[in-house]
Structures are given as C-alpha cells and as structure tokens.
Amino acid sequence: MKTERVWTERLLFLLVIAITLIFLFPFIWMLLASFKTQAQILSNQSIFVFQPTGENYATVFRDYNYTRFIFNSLLVAFLSTLFGLVLGLPASYAIAKYKQNGLAFSILIARVIPGISFMIPWYIIFSKIGLVDTYLSLILAHMLVGLPFIIWVMISFYENLPHELEESARVDGCTIQGAFFRILLPLSVPGIVTASILAFIFSWNNFMFALVLSGEKTKTLPIAVYSFLSYSNINWGALMAAAVVITLPILVITLILQRYVVSGITVGAVKG
Amino acid sequence: MARWVERNIKYIFILPSVLFVAVMIVFPIGYTAYISLFEWSMSSTQAPKWVSFGNYAKLLQDARFWSALGRTFYFTLISIIVELMLGVIIAVLFNRKLKGINLFKTLFLLPMVATPVSIGLVWLLIFEPTIGVANRFIGMFGLKPQMWIASPSQVIPSLALVDIWEWTPMITLIALAGLTSIPQDNYEAAQIDGASSWQMFWKITLPLLLPTVFSAALLRIIDAVKTYDIIYAMTQGGPGYASETLNILGFSLGFQYFQLGYASSLLMLFFFLVLGISSLIIILRKRIEVLQ
C-alpha cells in the first residue's frame with residue numbers, strides 16, 4: 001500500500017515535469033535557434049547539439065539598431081505606467097472608499113471593449129493634430145491598456161486595507177487627501193508593485209496600437225520584430241535573437257517578482 | 001482650500017480617470033458610429049458621402065464578413081474548451097503537495113507574460129512545414145508531416161494551439177487560487193464517509209471550483225474573441241482569407257484599404273458583439289451564484 005503511494009507520487013511528479021517542459025519548449029527552442037546559423041536552422045541535424053554563434057545578436061544590435069527600439073519600448077512602457085498610476089491610484093481609492101461600483105464598472109468597460117473599435121478615430125484625430133509617430137500618442141494609447149487594470153487591482157487592494165490607520169490620522173486633524181498621500185500611499189506599495197508590473201508588461205507587449213500610431217522615430221520592439229517578416233528570405237536566427245531580446249526581460253522580471261504577477265492575474269477572478 | 005478639496009474629494013480623485021476614459025474611448029466610439037454612416041476613403045479629393053445605414057446593409061450581405069464572424073467563434077470555441085479542461089486538470093495536478101512544485105508553478109507563468117508577437121514568430125518557425133519542429137514531433141508518433149498554418153483547413157486549429165499554449169496557464173493559475181480556497185474539512189468529511197478521490201473530485205472539487213472557473217472563462221472568452229497579435233504576426237489572415245477573424249478583417253478594411261466608413265460599421269458590430277457576450281456571461285454567472 002505504501003510503496004504504491006510512493007510510486008503514484010513519483011509518476012505524478014514526472015507528469016508535472018513533462019507538462020512544464022512542454023510549455024517551456026517554445027522558449028527553449030527560441031533560445032537555441034537564436035544561437036544557430038541560418039544553415040544550421042535549415043538543416044535537419046540535431047536540435048540540441050550544434051556549434052553556437054553570437055552573430056545573430058550582433059546582427060540585431062548592429063544592423064537593425066535594436067538599442068533604439070529598446071529605448072522606445074522602455075520609455076513608453078515606463079511613462080504610460082507612471083501616468084496610469086497618477087490617474088488610477090486616487091480614483092481607485094475614492095471608488096473603494098465611497099463604493100462607487102457603477103463608476104468602477106464603466107472604467108472597467110475599457111478592459112472589455114476591443115481596442116480596434118476606437119482605432120480609426122484615434123488615427124484620424126492624431127494625424128490631424130500631428131501626433132502620429134510621437135511618444136505622446138503611444139503613451140496615451142498604452143495608458144488605456146494599463147489604467148483599467150491598475151484601477152481594478154487597486155480597488156480590491158484598498159477594499160482589503162484596514163481602515164484604522166486612516167481613521168487615527170483623521171482624528172489627528174489630517175484631511176482625507178492628507179491621509180491618502182501620507183498614510184495610504186506608503187501602505188499601498190505591494191498593490192502598486194502588482195499593478196505596475198502588469199501595466200508595464202501589457203505596454204511592453206502591445207502590438208496593435210503601435211502598429212497604427214508609431215512610425216520610424218517611435219517604433220517599439222514588437223513592431224521592430226514583426227518587420228523581420230517583410231524580407232523575402234526570413235533570417236530565422238536573427239529573428240529568434242530579436243524575439244529573445246524582447247521576451248527575456250519580461251521573463252526575468254516575472255520570475256523575480258512572481259508573487260506580485262500571480263496576485264495581479266488572479267485578482268477579481270477568485271471570490272474571496 | 002483644503003476643506004473645499006476634502007468636501008469634494010470624491011470628484012477630484014475620480015474625475016481625471018473618468019475624463020481620460022471619456023476622451024480616449026467614449027468619444028472615439030461615438031465618432032466610429034458616426035463615420036460608419038458615411039462612405040469615406042480618407043482621400044483629400046473625395047468628401048465623405050452620407051449613406052445612412054448603407055454600410056451595415058452591405059456588411060450583412062458580405063460573405064467575407066460572415067466567414068470572419070464564423071472563424072472568430074470557431075477559434076474562440078476551440079481555444080476556450082481546451083484551455084478550460086487542460087487548465088483545470090493541470091491545476092488539480094499542481095495542487096498536490098509535491099516537492100519543488102512552486103518552481104514549476106512559477107515557470108508555468110511564463111507563456112502568458114511573453115510578448116505575443118515574438119512568441120507568434122517563434123511558433124511560425126515551429127510550424128514551418130520543412131524545418132519546423134512540429135512535424136518532427138508528430139513524426140515521432142508515426143504521423144505524416146502537416147502543413148499547419150499554411151493549410152486553409154488547419155490554420156485556425158493551429159493558431160488556437162498557440163492560444164492554448166499561451167493561456168492555459170492563466171486558467172491553471174486562477175483554478176489553483178480557487179482550489180486553495182476550498183475548505184479542507186469538506187475532504188476530511190468525505191474521506192471518513194469512504195469517498196474515493198475520483199468521487200471527491202466530481203462531488204466536491206469541481207462544483208466548488210465552478211464559480212472561479214467561470215470567471216476565468218469570462219475573461220478568456222472576451223480576450224479570445226479579440227485575439228489579434230498572434231494571428232496578425234503569423235498569418236495576417238491567410239492563407240487566402242482562411243484565418244481572417246473580425247479583428248483582422250476590421251484592421252485590413254480600415255488601415256490597408258482605407259474604407260473607413262465600411263470598416264467602422266464592422267467595428268461597431270464587433271463592439272456590440274463583445275459587449276453582448278460580456279453581459280450575457282455576467283448574467284449567467286449571477287444565475288449560477290443564485291443556484292448555489
């Protein structure tokens with residue numbers, strides 16, 4: 001009976017490893033291919049044993065100027081997250097405090113409706129006022145992805161925060177806004193970290209908005225990697241190297257801050 | 001001054017966000033609705049021509065629109081069904097107290113945070129019929145090489161496979177959170193009554209997990225209907241129109257053919273479709289909660 005149990009456990013463990021490996025495989029494949037020459041990728045040799053080359057990464061940074069795109073992506077993701085927090089933190093606090101569920105709902109609508117349904121007006125208006133291919137238009141567009149999410153995460157964070165601290169500050173003569181900035185904001189750091197990482201990742205990953213609104217000057221990484229396809233012969237190795245350059249930072253951030261990522265993704269979905 | 005701010009704090013704190021959403025979403029959607037009543041190709045020589053609901057009438061007779069609608073549902077249906085089943089099964093497996101399980105749970109997060117476009121391009125190489133690893137993999141089981149996304153009949157299931165890879169982890173994650181919130185005494189009581197683990201899964205785990213899975217499904221359905229990045233990166237709607245979903249069609253009409261009025265009418269229908277699906281699921285969810 002006991003040995004049978006041990007064997008089931010071992011079998012289950014093997015199953016867990018197998019499933020994880022299958023799900024990680026595209027990443028492993030991407031990483032391996034990024035160190036292969038075009039000939040090695042096109043040949044039918046072993047997937048795992050080969051003479052690695054760094055040439056693809058040199059191509060990506062030297063010939064395709066990826067430092068520039070990394071800068072663009074970082075700037076847009078950072079600023080859209082920051083401005084999203086500036087708008088979203090007070091709003092989510094007030095929504096939680098005064099239980100304005102209707103309002104919360106209408107802001108969360110932004111999370112639901114398809115982005116493409118307001119792309120045409122954006123494009124028309126932004127080209128009229130000369131904002132196409134500027135950082136401002138991209139930051140505004142990406143805020144729209146980040147803000148509803150920030151508000152969503154922070155409402156449930158403020159709802160779960162004990163009221164005592166805020167109340168004692170109020171007794172000491174602090175105004176509501178004073179209590180918010182001096183007491184609550186410092187306490188909100190875990191919630192802010194959760195909201196910011198995911199808002200940052202959403203912006204970093206966003207493709208559709210930049211496809212329409214960015215140009216030569218402001219091209220972000222997803223657009224840059226996509227433009228590899230426009231060459232008649234796809235340079236697979238360089239394409240995989242570019243994919244690694246985009247994906248790796250996100251994967252590393254997620255692994256380091258996994259606790260926050262998990263709570264950001266599960267918030268609202270589990271009824272507490 | 002501080003007192004005045006305090007008295008109106010509710011509005012002062014919320015107004016910026018509401019204004020932002022109004023300017024960036026509500027106004028543009030109204031504008032899209034307005035444009036959808038015109039025939040307009042964004043040219044400087046030709047003024048927009050008022051056609052009333054002409055664009056909508058044309059759309060409803062457009063076979064390309066109906067096929068795109070069907071494909072959107074087809075893609076969503078395959079993805080969601082597989083993701084829900086696989087996600088819950090993996091969650092139950094991961095929920096056992098195995099050594100080092102947390103490491104695996106963490107690694108399992110990676111597909112859903114990775115940049116969809118770059119991942120789509122990695123899958124493009126995986127699906128490549130001659131050099132891709134997908135054909136090598138199925139070859140190990142004695143299956144013939146397939147065309148994957150290069151074949152009109154396989155392209156949607158192949159794209160759904162990428163979606164399944166990307167989003168099953170989310171279902172797993174949410175289901176895991178739901179599993180930990182199931183009180184342990186349910187299982188203890190059942191064990192005393194001599195229930196098998198199979199029975200416990202069907203009678204305790206699954207019913208108590210259902211509301212959580214339902215929320216996860218809601219989020220997934222809404223996002224799956226709107227899937228854009230991987231489809232555009234991998235096939236641009238091809239081969240032919242075989243993987244053209246509503247999102248892709250709307251984008252081509254608007255930003256490749258510049259038929260802004262016609263595209264807008266499609267985008268309005270798409271908008272109401274997504275809104276309709278969301279409200280329907282929210283209502284259904286309330287019903288289920290009442291039943292329990």
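Keep in mind that glycine also has a Cβ here, set from the backbone N, Cα and C atoms.
Taken from TrEMBL as is:
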{"type": "TRANSMEM", "residues": "B:12-34", "note": "transmembrane segment"}
{"type": "DOMAIN", "residues": "B:69-279", "note": "domain 'ABC transmembrane type-1'"}
{"type": "TRANSMEM", "residues": "B:73-94", "note": "transmembrane segment"}
{"type": "TRANSMEM", "residues": "B:106-126", "note": "transmembrane segment"}
{"type": "TRANSMEM", "residues": "B:155-179", "note": "transmembrane segment"}
{"type": "TRANSMEM", "residues": "B:200-222", "note": "transmembrane segment"}
{"type": "TRANSMEM", "residues": "B:262-284", "note": "transmembrane segment"}
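With a threshold of 8 Å between CB atoms, the same-chain residues lying at least 6 positions outside the transmembrane segment (B:200-222) that come near it are 76, 79-80, 83-84, 87-88, 92, 167, 170-171, 174-175, 177-179, 181-182, 186-187, 190-191, 274, 277-278, 281-282, 284-285, 288-289, 292. Simply put, out of B:73-94, B:106-126, B:155-179, B:262-284, B:262-284 has the most Cβ pairs sitting under 8 Å from the transmembrane segment (B:12-34). The transmembrane segment (B:155-179) shares more Cβ pairs under 8 Å with B:73-94 than with any other stretch in the list B:73-94, B:106-126, B:262-284.
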